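Per TrEMBL, the feature signal peptide maps to 1-18. Look at TrEMBL and you will find 28-50, 89-109, 121-141, 147-170, 191-217, 229-247, 259-277, 310-328, 375-395, 415-435 tagged as transmembrane segment.
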Amino acid sequence: MLLLQVSCLCGSAPCLLCGCCPSAKNSTISRLIFTFFLFLGTLVSIIMIIPGVEKELHKLPGFCEGSGSVLGVQTHVDCSSFLGLKAVYRMGFAMAAFFFFFAILMVCVRSSKDPRAAVQNGFWFFKFLLLVGITVGAFYIPDGAFTSVWFYFGVVGSFLFILIQLLLLIDFAHSWSQLWLRNAGESNAKGWYAALCTVTFIFYAASIAAIVLLYIYYTKPEGCTEGKVLISINLILCLIVSAVSILPKIQEAQPHSGLLQASLITLYTIYITWAALANVPMQACNPTLLVRNSTSSATATQPLTTWWDAPSIVGLIIFILCTLFISIRSSDHPEVNKLMLTEESTAGVGGDAVEHGEHRAYDNEQDGVSYNYTFFHLCLLLAALYIMMTLTNWYRPDESLRVLSSPWTAVWVKISSSWAGLLLYLWTLVAPLVLPDRDFS
């Protein structure tokens with residue numbers, strides 16, 4: 001029995017879940033286990049920024065050594081001022097290196113007959129040891145320019161992952177609308193239309209309320225011009241895409257297009273705007289900045305930086321949902337599958353398991369992989385960078401190395417990603433009109 005358990009840890013994904021779940025695809029189980037590794041690293045990062053734990057990190061051998069040379073500047077700095085950031089950055093580096101290794105290793109794997117597919121779908125115990133080893137080694141990386149350089153890696157990776165989130169959200173919104181409209185058409189029940197209208201109203205009402213709150217808390221009658229301009233621009237863009245989604249020409253080309261998708265995209269865009277304004281490095285225009293960076297005598301006993309705020313918590317929830325969606329998704333739209341390099345197939349579906357009704361996982365990739373291994377690992381790599389930036393609020397040490405400040409870089413990356421997402425959604429609406437010869441059904 002012990003030998004069987006050990007073989008499961010070293011063997012394939014199906015063996016890990018035999019008898020523990022209904023029949024499932026080998027490809028889906030492998031993605032879920034890799035996602036579990038990412039969530040495990042995220043949990044460790046969260047634990048490291050808990051105030052009580054963060055204060056104890058200086059006891060790690062060598063962790064605070066060399067902290068006087070952060071950003072390449074020699075100075076005497078209290079290491080406790082950015083222990084949490086150091087720990088999360090190194091955990092993020094370890095997860096990114098882990099997934100980058102597998103992204104390179106799995107290039108051009110075409111089916112489960114490739115020997116590398118066995119590595120993708122098995123040897124989980126050794127993979128866990130590899131992740132632990134990389135993590136331990138990451139904590140011995142000397143500071144030097146690591147913090148500043150890795151910050152920009154995190155910025156780029158987070159920007160790309162936000163775009164992936166928006167793409168998944170667009171796909172989800174289209175699938176949701178099609179499902180409810182199809183149910184309404186098949187059952188002739190007005191309840192589905194009523195539910196569609198109700199959800200759309202709730203999304204728009206929440207967006208309007210959020211916009212009002214952004215104007216109240218992140219702008220001032222005098223000043224805060226940047227905040228006013230950014231909120232207004234995104235408000236106008238959301239109104240434009242909402243109007244375009246119900247134009248007669250658009251409805252004729254895409255009967256399932258409507259305000260449900262537009263309302264969901266609008267709500268997410270307003271969230272991104274909120275997250276961007278929460279990084280504005282001006283105390284008068286950013287109420288949350290007062291809590292995070294206060295160093296006055298009145299708060300001298302408080303932690304220098306408060307990592308947890310509402311935008312970060314919402315970002316963490318969205319991160320969890322999106323990474324799970326990446327792991328189990330199979331879009332109804334061929335164009336989205338091509339763009340995301342995922343296309344669930346029924347090839348090699350493991351008939352024995354289905355025919356006998358056994359509760360086991362089966363190999364569904366004998367004739368061809370159902371998702372691009374390399375692209376999947378790159379998505380998890382970007383997710384690791386995104387959660388690294390989210391948990392640290394996109395902060396980095398300032399010139400004095402005594403305060404973790406929020407740079408304008410974070411603001412513009414988030415705002416530009418919201419604009420890119422709106423343009424992407426607008427393209428999904430007008431593409432059938434611009435390219436009439438292509439099939440977008």
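Backbone N, Cα and C atoms are what each Cβ position is placed from, and that goes for glycine too.
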Residues outside the transmembrane segment (89-109) whose C-beta sits under 8 Å from one of its C-beta atoms, at least 6 past its ends, are 34, 37-38, 41, 44-45, 48, 116-117, 119-120, 130-131, 134-135, 137-139, 141, 146-147, 150-151, 153-154, 157, 369, 373-374, 377-378, 380-381, 384-385, 387-388, 392
Same-chain residues at least 6 beyond the ends of the transmembrane segment (310-328) with a Cβ under 8 Å from one of its Cβ atoms are 28, 31-32, 34-35, 38-39, 42, 164-165, 168, 172, 271, 274-275, 278, 288, 376, 379-380, 383, 386-387, 390-391, 393
Name the range, of those listed as 121-141, 191-217, 259-277, 375-395, that has the largest tally of Cβ pairs under 8 Å with the transmembrane segment (28-50). 375-395
Which residues of the chain, 6 or more past the ends of the transmembrane segment (229-247), have a CB below 8 A from one of its CBs? 207, 211, 214-215, 218-219, 257-259, 261-263, 265-266, 269-270, 273, 276-277, 411, 415, 418-419, 422, 425-426, 429-430
Cβ under 8 Å to the transmembrane segment (375-395), counting only same-chain residues 6 or more beyond its ends: which ones? 31, 34-35, 38, 41-42, 45-46, 49, 84-85, 88-89, 91-92, 95-96, 99-100, 102-103, 106, 153-158, 160-162, 164, 278-279, 292, 305, 307, 309, 311-312, 315-316, 319, 322-323, 326, 340-342, 404-407, 409-410
